[in-house]
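Below you'll find the structure, written out as structure tokens, and then a few comments.
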């Protein structure tokens, strides 16, 4: 027993709750309910599809699982599943990186220049109003069935998501910080690099989360529109052969990719923003 | 001796958001000698800060002239340090890197800048906190960082815009002492803007009283208190009260004018 019990001795009848144990217990509860939910949903789906629903249209979890196992062991109708994943990821990543760079650079540039932003504002609004997904068709005509048309689709989706945040971030830089840096001897470029860019970073990082999702959508839709490889093509092919399980399996693979990317981006964000005070109620964030 | 800072009939007008013209400072003439500590007091919102932006070159005067070291201010003059009312240190940089920013901007290598910064972090009493981020520090400690960040450039002119107004009374007293300690022997000319007359007298060689907006110099009062001063002690002396009464007589009218106008605006 320790000697630093200050107020009253803790007896076996009145144990004080240990906050760490309480947290562990809570996590345990949360996770078991989550697992239960998944089991309940999958179970009722499996049951309904085995009794009154037609599994031809609605498929069922065991069939989807079978399909996934099949893809990863035997291969897909288009060849190895890994090759499809690689192609889609490459397209998404290409569009993501190019779109993010263009969005950040242009966003910060326009955010810092009143004249430029005044000139460009109507064009950007118009471009943003275009349902960009239809551009995928145009890009297939321009760039062909290969990777570049998908990268282009992912690019336009990512660009606007990042651009508006970078623009806002560059706009909202604290005037005091800029003045202070100028007095300390910073040149225009130094102000941009040491004040504006770091200030806008939290805005930009926030947009990158949704942007990677957009990049995946761009790549998959691009493949849907016309491609010779990729997960989108796989789903399109499943649709063509009325293979509902194939569509679900494709969805699951894409979801896993998106979650992995999200996890990577969160790690990056944590590293870059370690200077920020921990937000209250961080635990509750989803 | 030639003044280091000189304002000649300086006027600054701003276009207000409603389209009207707001005159913040009008016909302001003042000089500050090398090594002199001038405290500027005036009613809240009278345009005291504008005076500092004219001297620092952040804002050009609309009319009249601002001279630093005998030449007109174009851009930010050499050797000027400025401490802002709000926190202006970079939240994404550690204490050390914040203090090292000035030398880095001015072309020092990373190692040189850090060595200089470490010295100044010591001098403001923050050794041991070099690697902390601003959000991990108290308000008083952040002010110390700002002070070190400004002083590391060894300014000949130090402009301070109510730097301690957000601090609690005890911390403020401590920071005032710290400022006097660091300033003594630096030979820097200081313009210290405040709305707190006690602070102005405790720190300054001279107190300038500003009129209610548009601001202009109403009177200049020497503060013949001996240095070095202990800010907490000096407040209690008879001379201090004497000077306080004299300046307050002058300041009170302006404060009342400002207050009436404020009330009229609210009504």
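Each position is counted from 1, following the chain as shown.
Each Cβ is built from the backbone N, Cα and C atoms, and glycine gets one as well.
Since this is a predicted model, take the numbers as computed values, not measurements.
Between the listed ranges A:10-27, A:28-45, TrEMBL ties the annotation transmembrane segment to A:28-45. Range with TrEMBL annotation transmembrane segment, chosen from A:55-88, A:191-224, is A:191-224. Across A:28-45, A:92-111, A:151-170, A:191-224, stretch A:151-170 shows the highest tally of CB pairs under 8 A with the transmembrane segment (A:123-145). Packing against the transmembrane segment (A:92-111) from elsewhere in the chain are residues 117, 120, 147, 150-171, 192, 196-197, 200, 204, 207-208, 211-212, 215-216, 218-219, 257: each is 6 or more residues past its ends and has a CB under 8 Å from a CB in it.
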